[in-house]
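Single-structure report; data block below.
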Amino acid sequence: MYNTIKHIRLALTPAERQGLNRHVFFGILISVLDIAFLGAVVWIVNIIANRGQVVGFGTSLSNWITGNLLMVAITALLLFALKNLIGYLITQSQYRFSYRVAARLSNTKLLQYLHGDYFNFVNTDSSVYMYQIGQQPIEFSQYILSGLHQIIVQAALIVLAVVAILIYNAKLFLIITVFILPPVFIVSYFVRRKIKTVRSTTRINSEKSLQYLKESLSAYIESHIYNKFTFFSDRYIKHQQQLNANLADLQSIQVLPSRLFEVFAIAGIFIIIFINSHNGNGDNLIAVGVFMAAAYKIIPGLVNIISYTGQIRAYEHVLNNMLPEVEQADITDFEDLEPIHKIEFKAVKFSYKERKIFETLNLQLSASDFAGISGFSGRGKTTLINMLLGFIEPHGGQISFNQQPADAYLRAAYRERISYVKQSVLLLHDSIFKNIVLTDGLYSEVRLNNALRISGLDTLIAEYPEGIHKLVTENGNNLSGGQRQRIMLARALYKNFDLLILDEPFNELDDEAEQRILNALKLLTQDGKMILFITHNQQSLAYCNKIITLDEA
């Protein structure tokens, strides 16, 4: 448990650690008030039961209480209401704190993904990242962080209750111990065994259910064409049902301790009554009251500690993913990068899984170049782009920017001056405007209008009543393929770039539209812009002043 607490604190920022300490303090404070108020009720009941003959704080006070029961009752109700209001506000603050931590961790995990290794992006299913970014931070806050908070508060509460009982009656404490320890050991053993079986499958089923749900939602057309409705639904529901069964087991485990403890507590009450009745002891009522007060606080406290410990153990795999990662070099460390005026690949080599992609790749791009790349599929066009952008490292040779050798970090820094239209389309479920500028803040109207003009979107949006604020649905499903490509091109043109990379950007456009855009792009090179144009259309390559053939690389 020590290592678990250590890792939890490592996952928090210094300010969050202070917040956790503060909420633990207030949690203990409200628990102390709970005990104090409960003790006051037992004391008042004892005075009333003995008709004011209990000295306590003085005979006159006892007599006053018995003579003013209505006022005492109203005052007690008001004080209890105030205490519980304070308790509610403290609990509300605790949960808001936990979910603020979850939001911060989600943002951190998303940024780690966006800045992460390219091959992790390629080889890891997106559902794994969806679970790690969207769900795990919530699970951490709900089951681990809140669980630790409750364990500390409940442990402090139990210690205070035990001290109070020892001061009042050590013999009574012994009886309480005898009747509480057995169920503690029994429940702890059972919970550990159950958690061990549930923990191993919860993470896998969470990831798989997300993966299959995502695939099912994307397979709307395929499910109709191939009549595979049940195939897609069955593979999703199989793991979702297993996940739900695991969660149901976890919930049912939490109920078990209170049920078992209640049986032992009732047995203890009747044994105390039995002993006192045979001894002729007049303190029967107060002894039972103290035992019930102890059962009221100690037993639920033990129940919570066991339940929250089980939760933390069940979600330990989440904790490992919340720990801060080793910081990598920040591409913002490269300040005031000069504009790109030359890029050179010298004898670059690259292999993937023992397959040689490039033996000796040589190419050179200079300002005002409109360079075309041709080659059969699988010849490494995407690999070339990824090396140029710093996503992957060559296995030999050298890549230079502005006649200076550029490692992956420097090439990544130069992304600020490069724009890129991929083959695969990325469109947000938002307006055309937002899909182009990708910002909620200030934007350049001049650059936006220029991008709309070159891409041909200006005439398209004129047909919509909403204009540029027309909503693009998920994946651009309400747009044609050509319209989607125009938005992608406009996004790339809106950026202030030195190099524009176009990877099969016009295969959804007709020849006339493609030629019109290529003529506009040709004018950009006259202003010193570089364009790297990848296409299978030999006619379009005629616009290029330089052709790079990868078949011989």
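Heads up, the Cβ atoms here are built off N, Cα and C, so glycines get one too.
The domain 'ABC transmembrane type-1' feature in TrEMBL is assigned to 24-314.
Residues or ranges marked as domain 'ABC transporter' by TrEMBL: 343-553. Per-residue pLDDT, averaged over the domain 'ABC transporter' (343-553), rounds to 90.
Residues or ranges marked as transmembrane segment by TrEMBL: 24-49 (among others).
Under 8 Å from some Cβ of the transmembrane segment (69-90) lie the Cβ atoms of residues 23, 26-27, 29-30, 33-34, 37, 40-41, 44, 48, all in the same chain and six or more residues away from its ends. As annotated by TrEMBL, transmembrane segment applies to 69-90 (among others).
Beyond the ends of the transmembrane segment (143-166), by six or more residues, the same chain brings 4-5, 8, 12, 20, 23-24, 27-28, 31-32, 34-35, 39, 94-95, 98, 101, 172-173, 176, 290, 293-294, 297-298, 300-302, 304-305, 308-309, 311-312, 314-315, 318-319 to within a C-beta distance below 8 angstroms of the stretch. According to TrEMBL, the feature transmembrane segment maps to 143-166 (among others).
Summarising the annotation, TrEMBL assigns transmembrane segment to 172-191 (among others).
Marked as transmembrane segment by TrEMBL: 260-279 (among others).
Annotation comment: TrEMBL describes 285-306 (among others) as transmembrane segment.
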